[in-house]
Amino acid sequence: MLRSIFDFNQRSTKMVMISHKLDLILVFIIVIGGSIFRRVSANFTVPCNGRCGGLTLPYPFGFSNGCSIRFDCSAAEKPMIGDFSVQNVTENSIFVGLSHNCTRKIEDMNPLFGENFAPTSENSFLMENCNRTTDGCSIKQKFLENVLKLKSCDATGNISCFSLDSNSSSKNSAKFFSMKTLRNSSCSLLFSSIAFESVGVNAGIALEFERVRLGWWLKGGCESGTCAANTDCTDVETPHGYAGHRCSCLDGFHGDGYTNPCQRALPECRGSKLVWRHCRSNLITIVGGTVGGAFLLAALAFFFFCKRRRSTPLRSHLSAKRLLSEAAGNSSVAFFPYKEIEKATDGFSEKQKLGIGAYGTVYRGKLQNDEWVAIKRLRHRDSESLDQVMNEIKLLSSVSHPNLVRLLGCCIEQGDPVLVYEYMPNGTLSEHLQRDRGSGLPWTLRLTVATQTAKAIAYLHSSMNPPIYHRDIKSTNILLDYDFNSKVADFGLSRLGMTESSHISTAPQGTPGYLDPQYHQCFHLSDKSDVYSFGVVLAEIITGLKVVDFTRPHTEINLAALAVDKIGSGCIDEIIDPILDLDLDAWTLSSIHTVAELAFRCLAFHSDMRPTMTEVADELEQIRLSGWIPSMSLDSPAGSLRSSDRGSERSVKQSSIGSRRVVIPQKQPDCLASVEEISDSSPISVQDPWLSAQSSPSTNTLLGNIPR
């Protein structure tokens, strides 16, 4: 009995031991299985769906739970953040549309402040109902009406800019807005916003109206190790206080830097395109050139790169605020949306191109109101171009003269600033003188254009305070409207004169053949520099010749030198445009000679020997009114257009112009006959120096003390 009990106990003990072993094995299986399950789960996380309709976004953006930055896919298959449409995503920004709304509350902006994104300091919010003036700019309602095409808002509304000051010079620590910041703005309504960014290495600024720029990040610093291989990790100081980061592929690699590893871009010489000798030759050339130049430029390039990297963000921020303030403050100029400009020119089509100027290309365009305009697109994306467009806007909006081209508006939304002018259907004076358009202009019309142009330039010199010097007067900058009236254009090289001195030291700018020779040598700019350029235009009007023509004899390549030589030696008739010589009457021939004498004085080498533009305009007006009545048809041949009978019946010797009477002698074979000048009160002639002390008020020049 005892033995049986003992045996039973032994069996029970063995069973218990086996049971414990089974329990241990089960626990081991559960632990190991759980570990294996977790590892498997880690390798098979919920995927990120980056597709919305026909759009596919790269990770970390997407539309499902597996995406670190999740957007909504609307019924219209467009990415959304709440009620705001996502317009673009880049390696560091999310661009969201923010259309104008007169009643939008600040709290409605909550969806734009997420766990992984927020508006950056590269925005300027347009606020309404502000209790105090914001630190940013103040925008007039008319400006917003022009840019945003508003119709429903109260025109008396108080619109102010609200921006963050960029105090950091580091590219990687851009400041962010917060809801608390907006609530503390003392404004109750948020009307819209303007996003800006730097374009190009010299910090040109592009403004995007009705847009918000959001900076994005993933949680954790770069030490979290979420970036894939061949990436550059950027630490982000988030507005929430915790660390954030962004991953981006290195130069020469492509991918998203996270789930899609960055792979090196494939070279051209590969696969079916592999031609060993061709690739080997290219490789040797590339490697040799790279190695040879790299060591020479590396240190210098690195120095400038570091310097620009530290200064660009702050300069960009301040430039954008300055541009916005200046643009908004000048309510007399309309601001056109970039989309309207692009549509007006058919996407800046070659068919709409009118010509190429010193700083940009001019296109013909048709606005939404069916008005034809000339659109000048500046091509330089640098700080000089930005200053250039603001300078031209200020100049053109401050002048008002019937013979100066009128600025209708501008566009500063994109990197290329755009100016919009009134359209001139009859082209330029140069086109008509060179017969590129029409069959030539009659003398009476040429004289009218010259007179109107001189009056416009004289207005810039004498009626503006300080005076404005054009610096690029030429026949291609003299436009003709529907009635062939002159319109002086292109203030791209204009500079404001200084009242305390008669010259400005600056680098010579302008067009070869028109540039003041004294200015080119001495770097002194004055009103007389424009007088010289206009003298070249007068020579063009008389001769119909090109200003610089290498097909002419060597001594006659430059029209100014040719005109001075022929006029000074009494051979004016040799250079008169043949189309004017078909049937000249006495007054026409006399007036051509008188204008030639005026051109001769304008082309004097020394500036103090030239007349002022006011004197030039007065003399041309006297010539124009002296002997003819403008009754002509522009469709008639130039040679058949004469002066009036009153002018034709006069003898040349009796043709009085002001206080002068010009006697035109018979042309001698040696072409050395002098021009006899009979004057009631003035001893001045073509051969005598034109001294400013005799008739010009501008006597204070650098050459004033040179003995004559």
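Glycine is no exception: its Cβ is also placed from the backbone N, Cα and C atoms.
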Which candidate, of ASN184, ASN426, Swiss-Prot gives the annotation N-linked glycosylation site: ASN184
Alpha-carbon distance [ILE356 (ATP binding site); ASN101 (N-linked glycosylation site)] in Å: 40
When each of the binding-site residues LEU354, ILE356, VAL362 is scored by other CB atoms within 10 A, the minimum falls on ILE356
Taking only the recorded positions ASN88, LEU354, GLY360, which one has a CA atom nearest to the CA atom of ASN184 (N-linked glycosylation site)? ASN88
Tell me the coarse DSSP state (helix, strand, coil) of ASN131 (N-linked glycosylation site). coil
Using a Cβ cut-off under 8 Å and a sequence separation of 6 or more, which residues in the same chain sit near ASN88 (N-linked glycosylation site)? ILE94, PHE95
For a quick check of understanding: among the glycosylation sites ASN101, ASN131, ASN184, which residue's Cβ has the most other Cβ atoms within 10 Å? ASN101
Please report the number of other Cβ atoms within 10 Å of the Cβ of GLY360 (ATP binding site). 21
